[in-house]
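Pulled from TrEMBL, these are the features on record:
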type	residues	note
BINDING	28-35, 146-149, 175, 183-186	ATP binding site
ACT_SITE	35	active site, proton donor
BINDING	59	beta-alanine binding site
BINDING	59, 152	(R)-pantoate binding site
Ligand SMILES: Nc1ncnc2c1ncn2[C@@H]1O[C@H](COP(=O)(O)OP(=O)(O)OP(=O)(O)O)[C@@H](O)[C@H]1O
Ligand SMILES: CC(C)(CO)[C@@H](O)C(=O)[O-]
Ligand code: BAL
């Protein structure tokens, strides 16, 4: 049975009745098959699954989509029931932030100012603060996050390591539509024409990954990705398309790397990323 609670007192009481290993899946609702994959993976790894549904105002900028973000709690509860979640915590903003916006927030450090943090100032302060609060309220052994939000997953791992938070973070590969588009709650903002343009993100990433597999160097991999982005989505507006090392440190080494993209399609900002396997640069020939 899936129980739904809205207050921290009811959460504490319901949590106390869950023995064994507890996994949490944190969401902003508007659940889709990507979230369902997180729920399935969590279900197979722990005795109990807790889902949180909360559109966190702290991570939205003043000109972002907090007000129009889809809120579909009844449908979300049905997804949670089907997935066999034990408990859903769906608090109000006042329940999460009873004193108003918190003065004390998690500082994400320098990486928090880059990529997503560069275009969305304060975003990772807001994300890490609510993630830490939810970890403290749910007290899970495991927490599942999607690779679709790769920088978020990386930042959460760093926070847990740097602040000694007693939880294991598990990343789940991105679930895609058959044509490659990464599932995202924001896809429902797209008109049919924008839905086609949105393919520019995944097409660019896949072209970059294929170029790397063919042995092309970093520059050619990025060049290929840029060309395919422009050809597939000429009306999309690129924010960034970068090749980094898998921990988002500057400068990809030979070997594993990550290609990340963010772009606006109309008023909708989408992100995506893929792992890349760069061939080692060929050194001077042996005499
Ligand atoms: N396509 C996907 N595959 C795997 N995990 C996903 C996917 N989309 C979202 N997630 C993960 O689900 C969790 C909750 O994300 P969230 O509720 O913000 O959904 P979202 O689709 O990313 O929404 P948005 O469109 O607002 O970015 C996050 O850990 C996120 O990485
Ligand atoms: C992790 C999260 C639930 C925090 O609000 C959100 O950023 C999301 O849905 O990815
Ligand atoms: N999906 C990550 C949360 C956000 O974009 O606000």
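Using N, Cα and C of the backbone, Cβ positions are placed for all residues, glycine too.
Closest to residue 175 (ATP binding site) in space, going by CA atoms and restricting to the recorded positions 35, 59, 152, is 35. For ligand 2, the recorded positions lying close by, meaning a CB under 6 A from one of its atoms, are 28; the full candidate list was 28, 31, 34, 35, 185.
Only 185, of the binding-site residues 31, 59, 185, place a Cβ under 6 Å from an atom of ligand 1. The recorded positions examined here are 35, 147; by Cβ neighbour count within 10 Å, the least packed of them is 147. Proximity of residue 185 (ATP binding site) to non-local residues of its own chain (separation of 6 or more, Cβ distance below 8 Å) is seen for 28, 29, 30, 31, 32, 69, 70, given in sequence order. For ligand 3, the nearby recorded positions are 59; that is, of 31, 34, 35, 59, 147, 185, these have a C-beta under 6 Å from one of its atoms. Within the set of binding-site residues (28, 31), the lowest number of other Cβ atoms found within 10 Å of a Cβ is recorded at 28.
Listed in sequence order, 116, 124, 127, 145 are the same-chain residues six or more apart from residue 152 ((R)-pantoate binding site) with CB atoms under 8 A from its CB. Listed in sequence order, 146, 148, 174, 175, 182, 183, 184 are the same-chain residues six or more apart from residue 34 (ATP binding site) with CB atoms under 8 A from its CB.
In the three-state DSSP assignment, the secondary structure recorded for residue 28 (ATP binding site) is coil.
Other Cβ atoms within 10 Å of the Cβ of residue 175 (ATP binding site), summed over all protein chains shown, number 18. Close to residue 59 (beta-alanine binding site) in the fold, though at least 6 residues off in sequence, lie 120, 122, 123, 124, 126, 127, 130, each with a CB less than 8 Å from its CB.
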